[in-house]
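Since the structure comes first, as structure tokens, the remarks are kept for the end.
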Amino acid sequence: PWVDVCGYPLSIFFIVVNEFCERFSYYGMRAVLVLYFRYFLKWDDDLATSIYHTFIALCYLTPILGAIVADSWLGKFKTIVYLSIVYTVGQVVMAVSAIHDITDTDRDGTPDNMTFHVAMSMVGLFLIALGTGGIKPCVAAFGGDQFEDHQEKQRSTFFSIFYLSINAGSLLSTVITPILRGQECGIHSQQKCYPLAFGVPAALMVVALIVFIMGSGMYNKTAPKGNIMLEVCKCIGFAIKNRFRHRSKTFPKREHWMDWAHEKYDKLLVAQVKMVLKVLFLYIPLPMFWTLFDQQGSRWTLQATTMDGNFTVNPILILALVPIMDSLVYPLIKKCHLNFTPLKRMTVGMLIAALAFVAAALLQLQIDVSIYSIYTHTYTPPPHIHIVYIHIHPPPTHTYSPCWAVYQGFTACFLFAVSDCVVKAHVGLFTRVLKHVFLLFPVYSFCSNSVSCVDYCVQCWQAIQVVEDIKPNTIHMGWQIPQYFLMTAGEVVFSVTGLEFSYSQAPSNMKSVLQAGWLFTVAVGNIIVLIVAEAAQLPDQWAEYILFASLLAVVCIVFAVMSYFYTYTDPAEIEAQFSQPEHEPEEKKRDRVEMERKDSDCSKSSKGSDKKKRDSVVEQHNQDVKQSKM
């Protein structure tokens with residue numbers, strides 16, 4: 001039964017709580033995902049980044065599947081429930097995959113069967129992507145279905161609260177889950193607690209599912225009415241096929257290539273598809289923005305691991321900048337009589353995002369200098385040492401064991417954590433900053449005899465006091481705030497405005513189509529990360545940041561040119577032109593007869609034509625006439 005509380009249906013309470021818990025679950029898991037790849041599965045930065053962005057791309061491809069299933073088969077409610085179960089199972093599998101004691105048979109703190117953990121995590125991520133993507137287009141729309149036609153104001157307020165719940169869940173989870181990861185847990189050995197960091201989001205997803213089901217009796221559940229996206233695709237496909245069939249110059253050109261669908265589809269539908277395609281064309285450059293934006297969770301997170309400190313700023317900035325932009329910045333620009341159209345805002349947002357990556361590149365240069373300074377102050381290797389491979393000797397019997405390196409007859413003495421004894425160094429600068437690197441010896445000692453040097457290392461191991469763990473570097477994470485501020489400002493100006501623009505330019509029954517198109521640009525943006533990162537193969541991270549910033553700047557110019565030629569439309573006004581009843585069947589019949597007559601004439605005049613071809617034309621004409629009557 002429908003229950004009213006203060007003018008709002010009580011059912012929306014369950015939907016908002018469900019969304020909060022689901023977003024907490026998703027962003028919480030995602031906040032530590034690349035660190036899990038890097039430090040638990042022992043993948044390098046490039047592989048961790050690639051798998052991370054593949055997962056994000058999949059999360060934004062599956063909404064199309066979810067929308068089709070909900071609109072054409074199960075309905076929104078059942079789609080949310082069934083895919084939430086899949087989602088929950090995926091989160092539980094991820095939590096289990098992070099338990100190192102499952103395969104740690106020798107109890108040394110390191111999994112002995114890493115294939116098991118990799119396979120479990122990949123299955124979990126696939127189920128999560130299917131679940132979170134599948135319910136993404138359904139939850140907000142299902143909430144909107146709970147309101148009556150006269151409750152437009154309440155519906156608008158609901159969407160504001162719904163958006164707030166998303167950001168609140170994101171904010172809390174990105175603060176809490178890294179703290180949970182920082183705890184140490186385990187049965188046989190204490191390690192970073194990834195099971196807890198993934199387990200809490202899994203528990204929140206269970207809560208989300210239970211809360212949503214609890215409100216089942218109060219929901220207004222609309223039956224599936226068919227998916228408009230499939231109808232749009234069929235209409236476009238018919239227009240292309242029909243245009244190709246009548247590509248001869250004997251057929252008169254039409255004002256728009258979609259006009260070739262008039263023989264089969266309603267004029268209103270064709271006009272609506274034209275409006276959608278007009279906006280989708282502007283979407284073509286947009287993936288590059290998401291290419292940069294989603295690297296906050298991969299490259300920027302890995303950058304932060306080489307710095308000192310700990311903080312979370314992006315969700316806080318979003319909550320602060322959205323009202324500042326709406327209440328202060330935009331009204332001020334309007335008072336200055338500047339025509340700051342939505343497309344101009346989006347262009348500015350892209351430029352700001354590019355500047356954020358320039359800031360990241362400048363910070364990376366300082367990080368590299370800081371790392372170099374730390375290691376050159378610790379020891380000074382001879383200039384001819386370019387690459388040194390570190391090996392354990394003797395076999396580890398303590399928490400930390402002496403390591404020695406051999407290169408062209410010279411042996412160097414180190415002390416490394418047991419799990420970190422395979423390292424590369426060049427001219428005093430380690431290519432990978434390790435968290436548990438200790439330098440035991442105050443002097444970088446060499447000897448030509450490896451055996452005697454090993455003995456020396458063992459003697460030093462017994463005699464010299466262990467020095468303090470060297471920090472990754474002295475630069476604090478707070479220096480990342482400028483790049484996060486710029487990226488968040490770009491997101492607010494670009495993303496919020498883009499959604500508003502898309503909604504205003506979309507026909508009344510095709511807003512979901514543009515929503516799917518918008519989410520698709522996010523998926524493509526993450527795929528671009530994989531392509532560019534693999535193709536570029538730049539040796540320095542700062543250079544990769546500059547490359548992405550340059551690409552976005554170029555794309556921004558292209559988008560500005562496309563925006564200049566865009567003409568804003570009023571979908572309601574265009575749709576009203578087709579509201580008057582017309583004799584559509586007769587018009588369609590005249591078009592078909594004229595088309596078939598020209599087809600027949602063309603067939604007669606062409607070389608090699610025969611009676612079979614003429615019979616085929618007549619037969620096709622008869623079939624079309626029968627179809628039009630039906």
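Glycine too: its Cβ is placed from the backbone N, Cα and C atoms.
TrEMBL does not curate its annotations; it predicts them automatically.
As written in TrEMBL, here are the features:
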| type | residues | note |
| --- | --- | --- |
| TRANSMEM | 47-68 | transmembrane segment |
| TRANSMEM | 80-102 | transmembrane segment |
| TRANSMEM | 114-135 | transmembrane segment |
| TRANSMEM | 156-176 | transmembrane segment |
| TRANSMEM | 196-219 | transmembrane segment |
| TRANSMEM | 275-293 | transmembrane segment |
| TRANSMEM | 313-333 | transmembrane segment |
| TRANSMEM | 345-367 | transmembrane segment |
| TRANSMEM | 515-533 | transmembrane segment |
| TRANSMEM | 545-566 | transmembrane segment |
| REGION | 577-630 | region 'Disordered' |
| COMPBIAS | 581-630 | compositional bias 'Basic and acidic residues' |
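Of the candidate ranges 47-68, 196-219, 545-566, 47-68 has the most C-beta pairs within less than 8 angstroms of the transmembrane segment (515-533). Here the transmembrane segment (545-566) has long-range neighbours at 278, 281-282, 284-286, 288-289, 291-292, 295, 299, 341, 343-344, 346-347, 350-351, 353-355, 357-358, 360-361, 364, 532, 536, 538, meaning same-chain residues at least 6 beyond its ends whose C-beta is under 8 angstroms from one of its own. Within the same chain, the transmembrane segment (313-333) stays apart from the transmembrane segment (114-135): fewer than three Cβ pairs sit under 8 Å, each pair at least 6 residues apart.
Same-chain residues lying 6+ beyond the ends of the transmembrane segment (196-219) with a Cβ under 8 Å from its Cβ atoms: 1-3, 9-11, 13-15, 17-22, 24-26, 28-29, 32, 36, 77, 80-81, 84-85, 87-88, 91-92, 94-95, 97-98, 142, 146, 173, 176-178, 180-181, 183, 185.
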